[in-house]
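Here is what TrEMBL records for this protein:
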TRANSMEM  177-201  transmembrane segment
DOMAIN    217-252  domain 'PAS'
DOMAIN    295-347  domain 'PAC'
DOMAIN    365-587  domain 'Histidine kinase'
DOMAIN    610-725  domain 'Response regulatory'
MOD_RES   D659  4-aspartylphosphate
DOMAIN    760-858  domain 'HPt'
MOD_RES   H799  phosphohistidine
Amino acid sequence: MNRNQQISCMVAVGLLLTVFIGINARQTILRLIEMNNWEVHTYRVLNKTQRVQTLLTLIDNDLRGYLFSTNAYFKADFERSSRSMGQELMDIESLTIDNPAQTKRLNLLNTIFQHKLARSQSLFEAGVIQAGMARLDSIDRFLALSNRFQQILQETENSENSLLTRRISASKRSASYALISNLVGAGAALGMILWAIYLLYGSLRKSNRLNQKLTDSEQQTKRLLEAVPVSIVIIDKQGKFYYANQAATRLMENLTEAKSYADFVSSVQLFRYPSGEIYPLDQRPTFRALRGEFAQVDDLEMRLNDTAIQLLSSSSPVYDVQGQLQYVITTSIDISERVQSHKRLEEAKKMAETAVKVKEDFLANMSHEIRTPLNAMLGFSELIELTNLDDEQKEYVRLIRTAGKNLLTIVNDILDISKIEAGQIKLESIPFSIQLLTASLKAMCQAAAAEKGLQLTVLIDPDLPTVFLGDPTRLTQILLNLLNNAIKFTKQGHILLQVDQVDDTNPDSRRIRFLVEDTGIGIASHKLSAIFERFQQAENFTTRYYGGTGLGLNIVKALTELPKGSVSVTSMEGQGSRFVVDIPYVIALEQIRMNQQPVSKAVIRQENVRVLVVEDNLMNQRLVQQVLNRLGYQVKIADNGRMGLQMLEEATYDVILMDLQMPIMDGYETTRFIRSKLKLTLPIIAMTAHALPSEKENCLKAGMNDFLSKPFQLEELQQILRPYLSDSQPIRLKSATVDVVPMAVQLFSPQSILEIVDHNMASVIDLLELYLTETPPALEKLQLALDQLDLVEIKRLLHMQKVHTKMLDMGEATRLILEAEELARNQKGIGDVASLVEQYMGQVKAMLPTIRHYIQANRNLISNP
């Protein structure tokens, strides 16, 4: 109970005591009045009894006087006294009617009085007493009645005296009680009032102290607010200024001249930054706070005396205890410098993003430009290797192929490092099997290990769950890097890939340890700390003797740390190395049994492999079908994604080759439907003419397993399919060699398509004839799109024809398509794109007769060998 409540309680108790005293006094007075009335009543009865006693004496004397003198006066007086006495007895009887004992006595007195009257009547009739006192006995009896009457009257009087005594005592007690109770009540009330006065005085003193503290606190708060380098303005609910600190007056020079906030606002200009439009009145923070809202904006620009200031302004309403708005506090911070810094940062960011984009485009284009001659070099070296060569020539060819593969590895590593630096690698979370993944890795590395006489062993924890959620592509890249390094740096002995569970306490996830151990050259202890750094190798002679760029382990470390994993190495020079990779994976809800023979890839025979090709381009369909048929696979063609889904529901397939850009349903949507709706886990290989790294990332995110750029080589297709069809062996097809008639003018080259179909000229002629049939209508569609200024249709048609120009090595036509696509991607006008498209159509039209001549010449050569 607080002090105010105590005071109120004391005052209330004092008032109640006062009321109690008044009520008690009233009741006591009423009792005293009643007692006094009873005393008066008793005195009246006693007075009546005394009056009766006097009248009795008069009656006796009047009777005696009359008898002795026969004076009529005595008789008249007797009669008058008798009447008075009778009246007095009646009065006494009415006064004592509440007392049964007195009533009984009065009845007896009345009886005696009547006898006495009767006796006196006979004496009055007899007359004067004669000589000899003959009637004295009658007088004596008359007097005896008087004596008896007096006796009873005395008893009545004694009873009334006794009542009087009791009533006087009761009256005295009531008076004493009234005095004591009033004194006690008055004392208590006085004490309560004095205590309340004491508490009130203490409360007032405390209130004064609090008021003083409040005043001191207010002054301190004002001093603190004055010291704050932030503009603080307080206005009341009427919009009048209540307080403004020095920072506010410095920031807003004319603030002191304004009487209200409305006056101040009318004297300054407030705009929205950076648009420069006038800031709406109802959206300004102070006006919103006056409506009871908290508001904060950072796009407020105040223009005062030809100076523009950007402000971070916030306003808060302040309410009293009843919830009524009293004040609005507005703080404003000059963020002009911050805004300018942010603007500079945004410009720097855009420049950096532009640089990254330029770098990415450069790497993508350079990758394309480098890969194209590399593919030709590797392809021709492989063809040369099939010819009759002496040992020296074979060594030269081997060195050419090795150098080409090393250069291709360098290009791939640089692209990976670039993507990691740019943060473009996003890990996906799809179901995959570590058992199947390591089996695929063993199949991929077995040939290289066997070529050096190394034993490659894969050991897997038998209790390891069969399906995890993660990114199998990145895990494959990590382990393949480590295994390739182990094979490269090991001359003899063995290579071990071991997979164990490090932590199995969590039922939903596991931390998996991948150990790659070799018996190779090892690493010096002082080089271990730098082995994961970029462009680092154990020794200089390692680079000279084994080759490589020193990027592989750096990529392994970066890819391992992306899913919050770790990689470490222990090694002794000359005794081999031991790399340990720990990566956490979530266990998939659905698991598979690794001993289920019907779905094991180990029992898939090459002639029973069923491949579904989802491709809308007729020429690409024909090419892929011929290549897969020559590899011994069964092929089914679907023109779009929807048809592919229907064919999947009707039959089972071992792998899908999926084009990305198709009508009705594209490759991304089809893949997502297969993974999410059909719940199929068969491998899906993307086929696309795009060479950008982001395209491959998008394919993997959609649920595809791998990525194949068009146009592709036969060896590339075999290498892509081999991990997913583990028993399939690479096929070395021997085609009848024919002399190819050279072209008169080098507008196109059939070399790439010859390599794809393994130099089967009949297949090449079939594909070129299909191209001659399909191209004129395609050019007409392209011309129609140009006439209609339909940029989307132009992009679609160019994308479809880009595969053909690459396949036929039409360098200039391909360049024109790539430049037109880049302009369209950068949202350039139709005029810029149209110029390139028209040049492209001119190139193609000029090339068609050459292709016809080539077909005719080589058909004649085949017909007349």
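Using N, Cα and C of the backbone, Cβ positions are placed for all residues, glycine too.
Just so you know, TrEMBL annotations never went through curation; they're auto-generated.
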Three-state composition of the domain 'HPt' (760-858), taking helix and strand from DSSP: 88 helix, 0 strand, 11 coil
Same-chain residues at least 6 beyond the ends of the domain 'PAS' (217-252) whose Cβ lies under 8 Å from its Cβ atoms: 258-262, 264, 268, 286, 290, 302, 304, 309, 325-334
Contact set, same chain, for the transmembrane segment (177-201): CB under 8 Å, 6 or more residues outside the stretch: 3, 6-7, 10-11, 13-14, 17-18, 20-21, 24-25, 28-29, 32
Composition by DSSP (helix, strand, coil) of residues within the domain 'Response regulatory' (610-725): 54 helix, 24 strand, 38 coil
Chain-internal residues near D659 (4-aspartylphosphate), provided their CB is under 8 angstroms and they sit 6+ positions away: V614, E615, D616, N617, N620, G667, M687, T688
Average pLDDT across the domain 'Response regulatory' (610-725), rounded to a whole number: 84
Cβ packing number for H799 (phosphohistidine), 10 Å threshold: 17
Summary of DSSP states over the domain 'PAC' (295-347), given as helix, strand and coil counts: 12 helix, 33 strand, 8 coil
Within the domain 'PAS' (217-252), residues counted as helix, strand or coil by DSSP: 17 helix, 11 strand, 8 coil
